[in-house]
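First comes the structure, then the notes that go with it.
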Amino acid sequence: MWIQVRTMDGKETHRVDSLSKLTKVDELRVKIAELFNVEPERQRLFYRGKQMEDGHTIFDYNVGLNDIVQLLVRQAVAATVLPKDKEAELSDSDSGCGSAQSESDKGSTHGESDVQSAGASGQTDTADLIDPGFGFYKINEFVDARDLNMGAWFEAQIVKVTKTPAEDGGAEDIVYHVKYEDYPENGVVQLRGKDVRPRARTVYQWHQLEPGMIVMVNYNPDDPKERGYWYDAEIQRKRETRTQREVFGKILLGDAGDSLNDCRIMFVTEIYKIEEPGSAEGPGASSDSPLKKGSNGPECKVCKDDPKKNCRVCNCHVCGIKQDPDKQLLCDECDMAFHTYCLNPPLTTIPDDEDWYCPDCRNDASEVVLAGEKLKESKKKAKMASASSSSQRDWGKGMACVGRTKQCTIVPSNHYGPVPGVPVGTLWKFRVQVSESGVHRPHVAGIHGRSNDGAYSLVLAGGYEDDVDDGNEFTYTGSGGRDLSGNKRTAEQSCDQKLTNMNRALALNCNAAVNDKEGAEAKDWKAGKPVRVVRSSKGRKHSKYSPEDGNRYDGIYKVVKYWPEKGKSGFLVWRYLLKRNDEESAPWTRDGKERIKKLGLTMQYPEGYLEAVAAKEKEKENKNEDDIEETPTKGKRKRKSQSMEEKSSPTKGTPKKMKVEAYKLSKEQKALIKDDELNKKLWDEAMESLSLGPRFVNKVEEVFLCICCQEVVYQPITTECQHNVCRECLQRSFKAKVYTCPACRHDLGKNYQMAVNKPLQAILTQLFPGYSSGRC
């Protein structure tokens, strides 16, 4: 097993070979020290957001084959620092991450006192007006103030009036210091005279409204049917019917010239006159104007602020009863309120903690693993056979233990028949690669299936002495009857097999009724369910049809019959006769071998495997040379033989590149591609890969990948911007009120018609048969 180790800045990456799942983090540090010249004490290793600590194995952190572990080098510690202080210093400075606030910051109230004083002054609505001697407005006067970001008007009060030099060098400008009544957290805001005006107080009657008038209206740009904020608007037209009155206007968004045209004003009875500067009638007129607090609508859209209605949104999230506000806690995560006596268990007093989280939002601190702490015990791994085994054998070096690095998503796991893009004769070095390709999903088990559905694939590895392999047909022995306790992979037959689990699944593939007593034979065996067959090199000693190395996909077979009999071990076993039923030639035939050459099929290795093997061989050669030099000899050292030199020296010249047979499209497929005019550019890109043979299918998969689900598009919607998305994915996006293309954010509009691209769906179904299963 091998992994990649990369520095945090990404500048240096090295492969660490000869690892096991049981390799300790301490041992890994030693190997990293040799490659990066960094002492183990200065190494901080991270994998998937977790800091790897000594005492654990890489299996504890679920590190997979060829995965990347990040290395952060600690700064060299000064010699004067005591060892007990070392850890405390490294926690913040070396990681490059900021820690919590300092004590001085926590105790600081700078910035809050101004807001609190502003809020306190806001409570004195009856304060006397003070004339500053310049400007239209007095201190403590109620006005309407514009928010410069939104362009909307809000109720405010002037707290200070000052002068500032004009930008053009003319007369001094007057600056009004105002605070918004409903938003005290904004503090005091400085505004020019054009952004402040007397509090609106005059409501226009219907007959007074005329096109071209500039008025003040309530409008919600996000949801026009709901109550929003107050904007200036120019009336464009009005219409009156027997049942309703409608006003349409242009919403003015500040002085920048931005506007929203032809907007329907929902609240026609709340259209206000814009007061001119200096037109305030007196101190009481502004504060008692119709435009007062609450004019932006009820705070709770569920209960409409009805005090008689219970509401779990604006009040206690458990009982919803509007009482005891002094005994309510507000969750700092979800902003929901909870009565102290409604919690489970109930609280007798309000907690002193600054932050409080409800039971749904709270994270259990005991389950959080902090940097420098050991991992918590995993219940799942505690149940594994390896956890309770007393064996000292290192089981973590096998390729069956490394886990998949990718997963086949072209077809579902319960797919019958060939996997698109995997021709007969495909070779893999390890079983885990067969699993990644989707041909045979289990890493170790010989049969993949479901006892209530059937078997999808099997591996012929010569594991049972009763197996007989004749190439186009073979007799297969079922699974079970062996004691595999203690994490064993194989054992001698120790009891009778039963027609259950995978044995029953394989029996369901036979075109005959299931008989768990005597077995059954199909009258028309070709009508049975197909089984993908993989032959392993482990069966080479029993069968000449097995590959010399690795695992080979040999095509589709079908179950002819199955029956119980006494095996060579003396126990009852279930036998299955399978015959080949595939259009592609078998890989051991002349035609099959020629096809393999034409398709350019060679052994497939895991990523980084060849480099790891080469490095291991080089290390072994260097070690042998060192041993020879250290061995005392009387004469001169013998010269290497010619055969050894040829073996060690690299092959001269580049190997001749084999010509791969091009992928052939049927006339129907070519016609469908031609009909898909919307994706002509993408098809032109994909068609360039026809010369690569089976890799053409992989190219099509890459080109027509849905950006949302990362699978081949199903029921594809080709958008205006020439992107393809699954209809279900786009519907989910629209349901979340996101009306843009998931790929480029082009605005599709709320009423976008989702028409399925039928030619594209048809060609994808032919290239990837069965990929639509489970996606309806």
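Glycine is no exception: its Cβ is also placed from the backbone N, Cα and C atoms.
Residues or ranges marked as region 'Linker' in Swiss-Prot (evidence: similarity to another entry): 290-299.
A simple way to gauge crowding: the CB of Cys314 (site 'Histone H3K4me0 binding') has 19 other CB atoms within 10 angstroms, across all the protein chains here. Look at Swiss-Prot and you will find Cys314 tagged as site 'Histone H3K4me0 binding'.
The Cβ of Asp467 (DNA binding site) has Leu460, Phe474, Thr475, Tyr476, Thr477, Gly539, His542 as same-chain neighbours under 8 Å, each 6 or more residues away in sequence. The DNA binding site annotation in Swiss-Prot covers Ala461, Gly462, Asp467, and the record cites similarity to another entry as its basis.
Per Swiss-Prot, site 'Required to confer preferential recognition of cytosine over thymine' is recorded for Thr477, and the stated evidence type is similarity to another entry.
Here Swiss-Prot flags Ser649 as phosphoserine, drawing on experimental evidence.
The DNA site, placed at the center of the C-beta atoms of Ala461, Gly462, Asp467, has further neighbours from the same chain whose C-beta lies within 8 angstroms: Leu460, Gly463, Tyr464, Asp469, Ser536, Lys538, Gly539, His542, Ser543, Ser546.
You'll find the Cα of Cys314 (site 'Histone H3K4me0 binding') roughly 66 Å from the Cα of Ala461 (DNA binding site).
Within the model, the region 'Linker' (290-299) carries an average pLDDT of 52. According to its DSSP assignment, Thr477 (site 'Required to confer preferential recognition of cytosine over thymine') is in a strand. Counting Cβ atoms from all protein chains shown, Ala461 (DNA binding site) has 21 others lying within 10 Å of its own Cβ. Ranked by Cβ neighbours within 10 A across all protein chains shown, the recorded positions Gly462, Thr477 are led by Thr477.
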